[in-house]
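Colleague: So Swiss-Prot lists the following for this protein:
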- 18-38: transmembrane segment (TRANSMEM)
- 39-59: transmembrane segment (TRANSMEM)
- 63-83: transmembrane segment (TRANSMEM)
- 86-106: transmembrane segment (TRANSMEM)
- 125-145: transmembrane segment (TRANSMEM)
- 182-202: transmembrane segment (TRANSMEM)
Amino acid sequence: MSEIKDVIVQGLWKNNSALVQLLGLCPLLAVTSTATNALGLGLATTLVLTLTNLTISTLRHWTPAEIRIPIYVMIIASVVSAVQMLINAYAFGLYQSLGIFIPLIVTNCIVVGRAEAFAAKKGPALSALDGFSIGMGATCAMFVLGSLREIIGNGTLFDGADALLGSWAKVLRVEIFHTDSPFLLAMLPPGAFIGLGLMLAGKYLIDERMKKRRTEAAAERALPNGETGNV
């Protein structure tokens with residue numbers, strides 16, 4: 001149970017692929033102009049990570065070490081092609097919005113890195129969980145960045161959600177404030193870099209505060225009964 005918890009915590013927070021490893025920044029910065037696009041690409045990446053980790057882990061004993069990387073790439077490319085066809089069939093609007101960034105999941109360092117670092121060494125169930133956790137960590141980072149950029153740039157949230165979830169999702173659109181023209185700095189790549197920088201700073205501050213609390217709690221437990229540590 002502790003190993004499962006560690007895999008989940010590492011993927012979602014401690015070893016977050018976007019905020020700690022800083023991998024996959026090209027799609028992270030390019031696609032997160034809206035929350036819907038960010039969520040769509042994040043979920044697609046999560047599905048690819050889960051399936052490729054599961055497949056590579058299952059075949060790890062029959063994969064020659066000398067040619068393992070080309071085999072990993074072929075497996076990843078096959079899964080990405082299947083996911084791309086699914087999005088094309090059931091979410092065509094999202095497919096058009098994401099464009100080239102769906103097939104580019106094949107070259108995403110996150111996917112290849114988890115295959116080599118984790119799936120090739122662990123069992124199928126734990127590898128699938130690792131892929132899901134890493135993918136959801138990246139999805140959360142994309143979604144937060146996409147939401148911030150959409151709110152600041154357009155004053156809306158979940159605009160175009162029907163392209164991802166169907167016609168019923170039109171009711172999810174929220175207009176936070178009205179604007180006649182978008183704030184282009186937030187919608188263009190410079191806004192993505194600024195937003196990512198703020199998220200990195202926020203995560204650092206949260207980690208430092210949590211570390212300080214753990215240190216204070218450990219110091220209090222180490223004191224003899226009746227002492228407060230104050231001079």
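Numbering starts at 1 and runs along the chain as it is shown here.
Heads up, the Cβ atoms here are built off N, Cα and C, so glycines get one too.
From a predicted model like this one, the values you see are computed outputs, not experimental measurements.
Set these features in their place in the structure for me.
Modeller: Beyond the transmembrane segment (18-38), the same-chain residues lying 6 or more positions past its ends with a Cβ under 8 Å from any Cβ of the stretch are 45, 94, 97-98, 101, 104-105, 108-110, 113, 137-139, 141-143, 145-147, 149-150, 153-154, 157-161, 163-164, 187, 189, 192-193, 195-196, 199-200, 203.
The list of residues near the transmembrane segment (63-83) in space but at least 6 beyond its ends in sequence, with Cβ under 8 angstroms from a Cβ of it, reads 44, 47-48, 51-52, 55-56, 102-103, 105-106, 111-112, 115-116, 120.
Sequence-remote contacts of a segment are chain residues at least 6 beyond its ends whose Cβ falls under 8 Å from one of its Cβ atoms, and for the transmembrane segment (86-106) they are 26-27, 30-31, 36-37, 40-41, 44-45, 48, 73, 76-77, 80, 160, 162-164.
Non-local neighbours of the transmembrane segment (125-145) in the same chain are 3-4, 7-8, 10-13, 15-19, 24, 28, 31-32, 35, 38-39, 41-43, 45-54, 56-57, 110, 114, 118-119, 192, 195-196, 199; each lies 6+ residues outside the stretch with a CB under 8 Å from one of its CB atoms.
For the transmembrane segment (182-202), the list of distant contacts is 18-19, 25, 28-30, 32-33, 141, 144-145, 148-149, 152-154: same-chain residues at least six beyond its ends, Cβ to Cβ under 8 Å.
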